[in-house]
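Novice: Here's a structure for you.
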């Protein structure tokens, strides 16, 4: 490289910017690859746009955008010097005292076992003229000051990825409870002693909670590992509705742990001293005798590395490196994302769409490629498949690796992808653990949005479901079809092969808990796969079915079949369910999944000879056998004007209020719960719950229910104002018809952003309507643009499959635990556990959560 002259630097001085508070500085990762400052070529940060690029891509940015001056960062690792007081190479590590990241007393993510030597240069393209950071002294003051301030600001600025990951996350920041100033306490309570407490329903003497309404002392929740309490405090809340409780043993003059069951979170109670004095407790005289919830959670986070389930940790595994064997770093509860994308990029259709067309995608990328979906997915696919990042962890300065690092690779850290895919989503934008199945569907939805008029790899998963409903009173039937991407397989626990052992285990467990003894060895339910398949295809009774043949309620049976078989069949084992108390729980079950699978018997047949269809008549808004004005709807009983405040029709449907209340108590929005009950035809809590789970990601999930033919709430002004032509043009340019654009805008009060979300969440209905318009004689030009397919495109073929991948989950809930995946490559099973990629010796195929089957060529 040539030395940078004063004249060259003066020529680019006007383009050098100093980053401000709102600027995103991408100095950790290349926008097009996973190169970092630690990569061989270092990282070039544009001093105008603050985007980072590896050596391979920096000229692409220069040629496309024009800025010539870049800050070149190159870092090399060296081991930390040995601390003489510890006798090891590691300095004394501070024990975290707060459940926080990036704040005093919290977890320090910057702590490493090595130090970094940093080389900083200013480089001007295209000739790569350079000058070292400390070589600016001989330049004129105006030049030196401008460049130095920009360099120092870039180096000191928080990187975009750091802001995304950390955001000074503090798990101890609590909100004031909404009950704090209005809590009603019962009169004449018992006086609570300052010590010697015991649960009033069992003999537990720790993890005790004092209810601030009635003074009851009860034990806390049971933790995932069997420790903790017996759930008596939360059960008391469900029985009484008394919302606030304080953890005994944590009360000090400075405060205490207060939990709100109603708000489902740790909270602040500014009136705590007053509330405690009601029971004779003087906060000023209390001392801490038990661990706070923060301390317990920190201990749990520090022990999480000890988990060995499903990871084949008891067996020596051979590490694998090279193309297709790239690990992914865990960015903090991101293992759900890692597992899903690893499987997707093992499928040829996703490879062809994004990796094979990498250059074309990058060439068409916008000025800021970090915000482009196709660019970031292509970058992710290339990072996984190229082998460039599938290398052992670099050796330390003495040429050795610690033993536990021998099977670990650097892998890739998909920070930009995670930030983009989760942008605007209430869950996936956080660092909390998520459900891999929900993320799979979210990613499928994002791919769908970005492949509207081009090759769509989602077609490998898409299939049609045929649902047949038969009215038992008239024997008449109704067939419907819908698009799906996942086969959700129920787990009939009553079909377990080891029922006696399970009953014996439960009895031993109960006795051990009563006697405070060690729990017996776990006995897991063994359910045959054939029983799960039978349960999926079994007829399901539908009570209170509105029969259009009878024009009255009847009983019906519903059967579910496949109208088409996809190239890749995704099966979710429904391990996560709800107990009788509506508390989420995970079924601890073993299902021996077959390597070869034939579901040909589940193919739908459509309307059969001799079957008579139910009349296609819409049910009445208020069925004759239901009282008007009930279930929370408003109106004068002497008039026929009964309507919900959310509905515009004066004769709104009667919904099962008990089911709505159950769903609302679980934390779902009221309007979403009303829609769930409405769209499942008042067919019960389970059906409504399934609807909620299937539609949680819909953009209009929490919007009020708008009945067919009604304008919906707040639509008066929109109806009066025609949709703006520029909004219509924008939607049409995305490949939709003018009719579809107008319909979407009218349904969303002419909001362009909401209209786009609405049109994607109703795409199947719109395509079906367009197809119907064509069949009724309208021209294709009048009904739908040529670029929009008529109906969902599905592939079909034989129903014979072979297992090629599965995702496993460890933990008691989708909101915690860990995910790993196993993928069959080159005839052998491979386990992907974050940065560890190894040949699998005993793949736990019976303990998976999501299974991926590939069609067998006939």
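Each Cβ is built from the backbone N, Cα and C atoms, and glycine gets one as well.
Below, the features straight out of Swiss-Prot:
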{"type": "BINDING", "residues": "199, 202, 219, 232", "note": "Zn(2+) binding site"}
{"type": "CROSSLNK", "residues": "113", "note": "SUMO cross-link"}
{"type": "DISULFID", "residues": "195-816", "note": "disulfide bond"}
{"type": "MOD_RES", "residues": "149", "note": "phosphoserine"}
{"type": "MOD_RES", "residues": "156", "note": "phosphoserine"}
{"type": "MOD_RES", "residues": "779", "note": "phosphoserine"}
{"type": "MOD_RES", "residues": "783", "note": "phosphoserine"}
{"type": "MOD_RES", "residues": "785", "note": "phosphoserine"}
{"type": "REGION", "residues": "74-96", "note": "region 'Disordered'"}
Novice: Cβ within 8 angstroms of the Cβ centroid of 199, 202, 219, 232: which residues besides those meet this for the Zn(2+) site?
Specialist: 200, 201, 203, 204, 208, 218, 229, 230, 233
Novice: 195, 199, 219: which of these recorded positions has the sparsest Cβ neighbourhood within 10 Å?
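Specialist: Across 195, 199, 219, these recorded positions, the one with fewest Cβ atoms within 10 Å is 195.
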Novice: Provide, as an integer number of angstrom, the distance between the C-alpha atoms of residue 232 (Zn(2+) binding site) and residue 149 (phosphoserine).
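Specialist: For residue 232 (Zn(2+) binding site) versus residue 149 (phosphoserine), the Cα atoms are 60 Å apart.
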Novice: Given the binding-site residues 199, 202, 219, find the one whose Cα is closest in space to the Cα of residue 149 (phosphoserine).
Specialist: 219
Novice: Looking at the recorded positions listed here (195, 199, 202, 219), whose Cα lies nearest to that of residue 156 (phosphoserine)?
Specialist: 219
Novice: Out of 149, 156, which of the modified residues has the smallest number of neighbouring Cβ atoms within 10 Å?
Specialist: 156
Novice: Non-local Cβ contacts of residue 202 (Zn(2+) binding site) (under 8 Å, 6 or more apart, same chain)?
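Specialist: Residues satisfying the criterion: 219, 230, 232.
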Novice: Where does residue 219 (Zn(2+) binding site) sit in DSSP terms: helix, strand, or coil?
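Specialist: DSSP assigns residue 219 (Zn(2+) binding site) to strand.
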